[in-house]
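According to TrEMBL, the protein carries these features:
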{"type": "ACT_SITE", "residues": "C322", "note": "active site"}
{"type": "ACT_SITE", "residues": "H381", "note": "active site"}
{"type": "ACT_SITE", "residues": "D404", "note": "active site"}
{"type": "BINDING", "residues": "N444, D446, E493, E498", "note": "Ca(2+) binding site"}
{"type": "DOMAIN", "residues": "314-407", "note": "domain 'Transglutaminase-like'"}
{"type": "REGION", "residues": "1-33", "note": "region 'Disordered'"}
Amino acid sequence: MSEPASANREKKQPPLNGRRALPSNNSNAEENDVPEMDAFGLIPRGFNPKDYLRVVDIHMFKEPNEINKQQHHTDKYYNPKLIVRRGQPFQIQIDFSRPYEPEKDQIWLEYLIGRYPQPNKGTYIPILIGDALKPGEWGAKIIHKENNSIRLSIMSSATCIIGKFRLYVAIRTPFGIIRTHRNSATDTYILFNPWCQLDAVYLDDEKEREEYVLNDVGIVFHGDVNEVKLRSWSYGQFEENILDACLFLMDKAELELSGRGNPIKICRVASAMINSKDDNGVLAGSWDNLYAYGVPPSAWTGSVDILLEYYSSKQPVRYGQCWVFAGVFNTFLRCLGIPARLITNYSSAHDNNANLQLDFFLDDEGQVDNRLTKDSIWNYHCWNEAWMTRPDLPVGFGGWQAVDGTPQETSDGMYRCGPASVQAIKHGHVCFQFDAPFVYAEVNSDVIYSRMGKNGSQVIEKIDTTHIGKLIVTKGVGSDDMVDITENYKFQEGSAEERLALETAVMYGVKKQTTQPSTYQPQKDVEMDLQVQKAVLGSDFKVIIIFRNKSRNSYTATTYLSGNIVFYTGVTKSEFKKHSFSAKLDPLSSNAFEVMITSAEYLSDLLDQASFHFFLTARINETGKVLAMQKAMVLEIPTLKIKTKGEMVVDREMAVVVEFTNPLKQNLENVTLRLEGPGVLRTMKKEFRQIPAMSTLIWEVKCIPKRPGLRKLIASLNCDALRHVYVSDVAAVILASVDQRFSAGIK
């Protein structure tokens, strides 16, 4: 199916590399010119194509309530074209100029994708009409014939390319092949099929398919391990133009069309394209609390605006942080039919060299030396899991694969991560591609507290093997419950299985630095604990330090507490609290010491997520040993309230009311409110110049819902003084209109 010579002369051809007969076929959007008449030779003067069988019309049965989209679970897409899933039959009807006679009429279908379609690349697919369909293979058969029409059942390959195909009907005549003209109305999107056992993304649980493929709203868990918070996120994978935007990402990445049937390749390419670090991908990241000329990450309520802006401008959208990258990635995966879920790992390590070790250096006074300490612990980090087989790995490592679009470290020269088998990570098989050592380190690093000895040697004061990866969670199936999946990534800390997994990781090349027992002799008879009182933004709170002396000896402990305002990535912005004291530890007793933190100490420097890190060190004067620990803390941020007014019926006007009370003793300036609800209203944005201290703001929005069922409403408030203000979970039951109920057979 090559282009005519005249077309080749008119269009500038990309340069060839000397090894290809044709340039790379890496764009779904580009097309070739398909001749409507392919002559076998010279055409007789009296030849008239109208004397032969002609196609008058093609019916694609592409409406949401028709058979194809219903059976293929694609009826929710706001897209007028036919959308089907691979490896599963769908139907079309062809109307001819006269009755079709199989004995003398020879017809076939042609599906094409890209500019240089070839049969051996899966980009040109001729389909003959046969007597039966073979599971998972391209084919077509007649299932109904009436007058001048035939209805075909068409089976697509369970491994075929994912994308938008062009359809032609070809008819053989004695003098050449006649084809239908180019008609975009017959274009067919083919997606991955988790309902097909032959598909690499097959998922055998219907409730999980509904959650991980069809649910267009999710939950992002954030905060810290001691104060888990949640917010809703609109994936919006069915919204108008989102499918085309997702296909564009693969075009932008120049992924060969022939590789787009492989979920492993698609995930790997997409993890790079979600961020803009080296390929002008979707999102530009910002972690410095400065968001000029863009939207603060906390203000986004979903993926739709981000993807549509990128699809339109072809330039990175500002700005994202880990949960935004993960939310957009989840939309991409679910839109194409790959089961996916968003994961949150609390106390997540960012280990630059994947040696399973985070080093915190202490100075002579027992304080953390920020000049030497380069490692950090994120309060939390979000990534994604995608479900697929892994034929490139040994048996048993398919299923959930960790993929991450947040730009942290390069992999094969680009900022991307995964897919890495979660099962391989758990068992320490970090030799299996892709990027398993990095993910293993995120959930299993050790925290090492050390200081420089007088002779220049490194003295290890404490090793914490349990601080990293304390809790790994995701949204429940069919609910908004938090599900603990920590055991999917790691065995119980200290168990024989966990030690074996660690030894396996070391064997496969993760260089874990071993420590000689002689260099690490901790103070075992004194325990130290740090408790931080929960508090609302703008209020005072207490930090409580507890010592337990389990020995019969009396000790004194020179104690140092450092309170730091930090980014959620664990990087310190400023130290707002320094407090040192001497603690007397009586034998066989416990002692508690309180330190008051006032709002005046932290409010002026507070960052996005109201996050603190407290470092606590204590030197036992009698032994010279050092105790050390750290704890993250997040202030409670006020929430928005949402309520609905009027009839909640499809195609009838209703109102959504957003309410917010400013709890601070200061005015909030330049406030932006965002509101959206998939199937109810597209993203609305309103700016307010000021919300006075302790006053209440009310915003009412009129909308006309388009989709029935339980629909979520999502809102955010954003200003320089207050971010990450979200609504608690609000859902509205939208009733079907009378017309919809009758069309569904409901009386």
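Each Cβ is built from the backbone N, Cα and C atoms, and glycine gets one as well.
Separating the Cα atoms of N444 (Ca(2+) binding site) and D404 (active site) is a whole-number distance of 17 Å. Put simply, C322 (active site) is 9 Å from D404 (active site) when counted between their Cα atoms. Sequence-distant neighbours of C322 (active site) (same chain, 6+ residues apart, CB-CB distance under 8 A): W378, Y380, H381, C382, W383, T406. Across the range of the domain 'Transglutaminase-like' (314-407), the DSSP-based residue counts are 15 helix, 39 strand, 40 coil. Remark: E493 (Ca(2+) binding site) has T465, T466 as non-local neighbours, by Cβ distance under 8 Å and separation of at least 6 in sequence. Between the listed recorded positions, namely D404, D446, E498, the fewest other CB atoms within 10 angstroms of a CB are found at E498. A sphere of 10 angstroms centred on the C-beta of H381 (active site) encloses 27 other C-beta atoms. The average pLDDT computed over the domain 'Transglutaminase-like' (314-407) stands at 91. Taking the Cβ of N444 (Ca(2+) binding site) as centre and 10 Å as the limit, one finds 26 other Cβ atoms among all the protein chains shown. Using the Cβ center of N444, D446, E493, E498 for Ca(2+), the list of other same-chain residues with Cβ within 8 Å runs, in sequence order, T465, T466, I468, G469, K490, G494, L502.
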